């Protein structure tokens, strides 16, 4: 008999994903086979499973916390916004279609049966399922077709714990208002509340906790302090809140251009964890100063973001910085933008558009999306700041719709191993000042990251930093720190009791 618990929130970015990862880690530490599950995820941060399926990064890092391999069943529906009104719909790891919000709302009832079948399939293989909702269950305009909050809790017949963020203020109003807007049968599913991101003396909350418990009849299971742990974020809310300001002084400063449709900014978590690196996300041209490397990240709408670069003045700022001798790197969509030409006869209908011209490449968009995990080897000879990375093994994943062809003056950056064949990827100029690749997750390869950071150090006349830093070990420590804090501040025994009292056969 499988046990389950679902975390829902009073709003987006209250910490559901991180707390769900913490529960996965706790149950894993306690010897239970545990899997995460989120029926529908809207995010531009995605990853690839070993069998080439695309899913949300949040469920990938939750699976890592649970000590298991990510499985697309943990996130059967992924929505990737392509504009303010449209999103790409990814079902069971493969692109299905593009839809606007109204069309998707009408489409959702058809997904219920498939989602339930996937959930039941997953539940048969694990002792515990930790479910995560999206946004808030009190979105009363979406209630009738809900498949991700109370609608999913009903399908799974599981109890709900409500997570509220005190850091943004109004936590008791958020708790009370959320519960008040639920139907009685939905409120009855809520068995506890966790107050998250508290700073200060928790004794100041005691009277408020007593009152909210009296008003709602729902116990507060704990108050989680604001934690200084390095864990992935599900979407761009953290960027909007300047979580990654990176004010601490470090030897190396890397600027990442914060594109309107930025995707997979989790590419840079391992880079930010380096002890001598400061990451800055840049939105304005005047902020692009005193940097050692500029990175154009992935994008869900390459041509729209390329137009924004030009309209905002960021394109001129990037080109000026490059002329001053600062290397510029592009990943996936950013790689496409660095080229001479982008040909789109598939998505936008814009035809041929000029890129930034730092790489002599031509990119043609395609109908089919490439989604695969790959092992690769950096080219045997690389120039400039990349020289120390020559010949190093790296690992990552591809998520792109298009092919980039190198022209005169560009060299292949690396060789991928795909289906038993060697495939060229990426481009680098003779001076090394422009470098692009389709490979996401590149900086998770410790030796590569240290080599290129030391290459940047050498450009500044700094000695190389020899370190045994391992990003995989770093992530494991963060999961353990999170679990330890949750055991200290949340009544985990009560959560076990809640699950046992609502245990359902699968």
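Heads up, the Cβ atoms here are built off N, Cα and C, so glycines get one too.
There are 25 other Cβ atoms within 10 Å of the Cβ belonging to residue 332 (active site, nucleophile). As annotated by Swiss-Prot, active site, nucleophile applies to 332, with the evidence given as similarity to another entry.
Annotated active site per Swiss-Prot: 440, in sequence order. Other Cβ atoms within 10 Å of the Cβ of residue 440 (active site), summed over all protein chains shown, number 25.
Mean pLDDT across the domain 'GATase cobBQ-type' (251-448) comes to 94 in this model. Per Swiss-Prot, the feature domain 'GATase cobBQ-type' maps to 251-448.
Counting in whole angstrom, residue 440 (active site) lies 7 from residue 332 (active site, nucleophile) by their C-alpha atoms.
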